[in-house]
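Features of the protein shown, as given by TrEMBL:
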ACT_SITE  Asp91  active site
ACT_SITE  Asp279  active site
DISULFID  Cys104-Cys108  disulfide bond
DISULFID  Cys321-Cys376  disulfide bond
DOMAIN    73-416  domain 'Peptidase A1'
SIGNAL    1-17  signal peptide
Amino acid sequence: MQTTFIALVALLGLCSAAVVQHQLIHRESPKIQMMRRGEWGAYVQHKAALRDANPSVYANVPQNVNDFGDFEYLGNITIGTPGQQFLVVLDTGSANLWVPGPSCDGSCKGKTEFDATKSSTYVKNGKAWSIQYGSGNAKGYLGQDTVAFGGKADQQLAVPKTTFGIATHISSDFKNDAAEGILGLAFTSLAVDHVVPPLINAMNQGLLDANLFTVWLEHKGSANDVGGGIFTYGAVDTTNCGKVIAYQPLSSATYWQFVATSFKLGSYTNTKNYQVISDTGTSFLGGPKAVIAGLAQALGATVSWGRGEKRGEMIGTALVCSVSGCSSTLSTTRRRLVLCPMLQEHWKPSTSPSGGNVYSIQPVNYIVDVGMGDTCVFAAFAFNNFGFGPAWILGDPFIRQYCNIQDMGNQKIGFAPSLQKN
């Protein structure tokens, strides 16, 4: 009888595990919007001034790869019983979940606020938290409740007893944004106050079929509630992603961090081992100043630096767009870029992880039309890690090209070609 009972419990445990798909909403990042309005350079200068004015605050920024102006992919979650719905950034480059609370100051005006009095499963914590991002900040107090991935009308992955932040203040960079909070999908070791991230909590409770999730991002999206991709929790997405090319062991289970051995575009090659991360919360590719400059030069882009070159702040890159001809150079017209077969072969920045596999990114994913006539933007920026943490950020241009299979249980990340057409 005892053996039968144990087998039944095991069977019930298997049945309770789940695979859930989380529909994303793509919106144009504030970075692109500022570029179109000619404001991005001033924003870069503003960030630099903040760092100069507050060196002690920014000296040990825990989420230094994140910038509120960079987020593009959002998804719905609910918190509490019954669920209160929030539109949040799905961010693999951070590890905390927070949403606005009822005691938030005017910075949360217009956003949905979590009301603990309306949830029968809420447990008070009360510990204060504060997160300093690459620009801006958020702070508040902690609470515990059921967090569910997906909106009220969706199939959901419900994670009981999840600790999250209830914000009493959010940065001015963030208060005018469509998102109401951030859902971090990195590891506990990266989380402020070592709060267990919701998806790690789901893994610890045995709620997933497999302890991994797949990220698939669409090439194009819209701010008007049009799907921008899918996160699949508990399984590899075989509908939108091809066969897995390879898995890379994580060099640090903080971010989704691994080693790449070279970067190449056209005639430029850099062969050096770099610590890199995959990050859905970064809309461009970020890397060392000298390498980005070399890649940009090979592409024929003009680089604009801000606040002195020693800082390495890059305001942007620009190149002339082409609508005619399939030459190996970008010719001058007054129209946007049209991709030609030779261009797609010639302009391929490739990254080579330590396993020896080469991953090429097509122009549709790294050349951005920002609506500035005959000027396009090379989706890359100089990123200074000041000797700490990752040296490269493989943001959305890389993830749109390759599905990321993020294996939490085995601490590795896999890459599979996206099956969408270029």
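Any Cβ shown, glycine's included, is placed from N, Cα and C.
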Long-range Cβ environment of Cys104 (disulfide bond), under 8 Å and at least 6 residues apart: Lys111, Glu113, Gly140, Ala167, Thr168, His169, Ile170
Cα of Asp91 (active site) to Cα of Asp279 (active site), in Å and rounded, measures 7
Active-site residues listed as Asp91, Asp279, least Cβ neighbours within 10 Å: Asp91
Cα distance (Å, whole number) from Cys108 (disulfide bond) to Cys376 (disulfide bond): 34
Could you give the Cα-Cα distance between Cys108 (disulfide bond) and Asp279 (active site), in whole Å? 26
Enter the number of other CB atoms within 10 angstroms of the CB of Cys108 (disulfide bond). 24
Cβ neighbours of Cys376 (disulfide bond) where a neighbour is any other Cβ within 10 Å: 23
